[in-house]
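Visitor: Below is the structure I would like to discuss, written out as structure tokens.
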Amino acid sequence: MNTFGWLVKREYWEHKGGFYWAPIWVSGVMLLLTLLGIVVAESAASRIEVNGGIPWREISERMSSGDFVHAGTGLDVAYVALAGLLCVVFFFVVFFYLLGALYDDRRDRSVLFWKSLPVSDTSTVLSKVAAAVLLAPLISMAIATLAYIVLLVIVGIWALLHGINPLPAIGASHTLGLFWRFLLTLPVDALVALPTVGWLLFWSAYARSKPFLWAVLVPLFAFIANSWIGLMGLPHLSKEFLYKDVISRLLFGIMPGWWLEDGGEKFRLTRNVFRGDDMLEVFSPSHVYGLLATPGVWVGAIVGTALIVAAIWLRRSRIETSS
Amino acid sequence: MSAVVHARKLSKKYGTTVALDAVDFEIEAGRIVGLIGPNGAGKTTALKAILGLSEFDGELSVLGLDPRTDRPKLMEQVCFIADVAVLPRWIRVGQAIDFVAGVHPRFSREKCEAYLGHTKIRKDMRVRELSKGMIVQLHLALVMAIDARVLVLDEPTLGLDILYRKTFYENLLSEYFDENKTIIVTTHQVEEVEHILTDLIFIRDGRIVLDASMDEVADRYSEIMVNPDKAEAARALNPLSERQIFGKSIFLFDGVDRSRLAELGEMHKPSIVDLFVATMKGTYA
């Protein structure tokens, strides 16, 4: 393995709790709650909605009535829900990971150990970018997929207990198709995440204390100041532009797939999939990669790259923190 | 052989505070140099500049490289232990060894494991489970397994008990040091490094006040224990310092003829500590 590989591995060692255990625990709890819900629904013979995104009622009713196509759609929704849940976990984990990435080792002075090794600051910072936009999402996706497979086993057992063959429903779902489409969204996610990655790494490298406050309060004050300037009747940026195109891209850009909603009507269709729309359509490559035709993505990528370069530059000589 | 470290007019300011004031020095290969000075004298600033950890003004080359721009390359040949307990607390011993082995071309895993074999450190332990002394043992094992040309130690034994401190320097001398290596060490525990140093640099208020080999120091400085009746005669020779013990006066002289001093009383080789105290008189006043 080369130096860069070791650097990424180092990130994994240090942040295994967030990158690996957090999604495992969350999806485990989700599956457990679903299982409990099913058991309760069965024993009470009632149609309790098993909450949390997995449309159990749809799946079980359609399977019972032999509507395997829509049962399969229900399974697709469950897969997307599991993945979506882990996206939320991912957001928090990676947000705080990036804020600490170039700060924590300065605070505990272990930066002096890392800097005593023949590793350039550029590789160090880029390894943290790679951990955030490649390693962590891949682990998250793998765990979501495993959790979905466990769910399929649960559904299968339930079906067999009711004398239903689960295979037609599973066959009507799009497990593999969705899996590939999720994978295909990762490069776009990474590109869209660049401004946030750069913004958080920049403050992580810059702050002598409390990188979180810098990263969050600077945009907040900019927003408030802009509103005041507006109230005074002076030229200012539109609130919507500042929030949607600047602040949320600097702070929330690492949320996987958040741009799908922005990309048009398609994402809202997930709520209407039972009316016959195809889940695959939402994540279709032409839809996902259509985003690349919008200039905002590239402007953000340039800004993000500039911020990462600034973080590398700061990393060169900024070692002390105030604590 | 050319100098390992070559500094000309090396300066560093923090705001209006001058940490290093245009200092010149050379460090030759195969030496063990003590960089000694009171708190805030500029020792750490000088080391940081040498290690490429901070910006500076003036001219500085280490092994022919500019530490500011060539730090990654420099660190293949330079190791440092900066203070105790800078190993990341979350890392496991085995991971630390794997990582250094992965990124450092001159690291020998066998050597490192052999050193650790003499300690109570096990590979599955995390650094945060180790005592301060064990962390330093681990750090030393990692560093001694690297075939580097320069080793920089910044207060390497601060806060350790006497057993760890003694074995630290013993290991360093017996298993690591040879004529191709250079060691630069800063410490306040001067008496512990005194017998291993080959060269001495005293630094005070950002300036170098003494830069000499230990042999030169032994030639230049002498300490005399004088009975009260001859004390006045000794004072007339302009001693660096005077202190009283058991009713006798002990004088430290710089460059005064030995034969004249021998008439006054009993001659001793001055300790570095006494020399240090005499040189730094009034630093905090």
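Quick reminder: no glycine exception, Cβ is built from N, Cα and C everywhere.
Features from TrEMBL:
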TRANSMEM  A:20-41  transmembrane segment
TRANSMEM  A:77-103  transmembrane segment
TRANSMEM  A:129-161  transmembrane segment
TRANSMEM  A:182-206  transmembrane segment
TRANSMEM  A:212-234  transmembrane segment
TRANSMEM  A:288-314  transmembrane segment
Visitor: Under a Cβ pair cut-off of under 8 Å, which of the recorded stretches A:20-41, A:182-206, A:212-234 contacts the transmembrane segment (A:129-161) most often?
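Guide: Looking only at A:20-41, A:182-206, A:212-234, the most contacts with the transmembrane segment (A:129-161) come from A:20-41.
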Visitor: Which listed range (A:20-41, A:182-206, A:212-234) shows the maximal number of Cβ pairs under 8 Å with respect to the transmembrane segment (A:288-314)?
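Guide: Stretch with maximum Cβ contacts: A:182-206.
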Visitor: With Cβ-Cβ distances below 8 Å as the criterion, list the same-chain residues six or more beyond the ends of the transmembrane segment (A:20-41) that contact it, or say none.
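Guide: Sequence-distant neighbours of the transmembrane segment (A:20-41): 12, 47-48, 50-52, 54, 56, 60, 82, 85-86, 89-90, 93, 139-140, 143-144, 146-147, 150-151, 154, 158.
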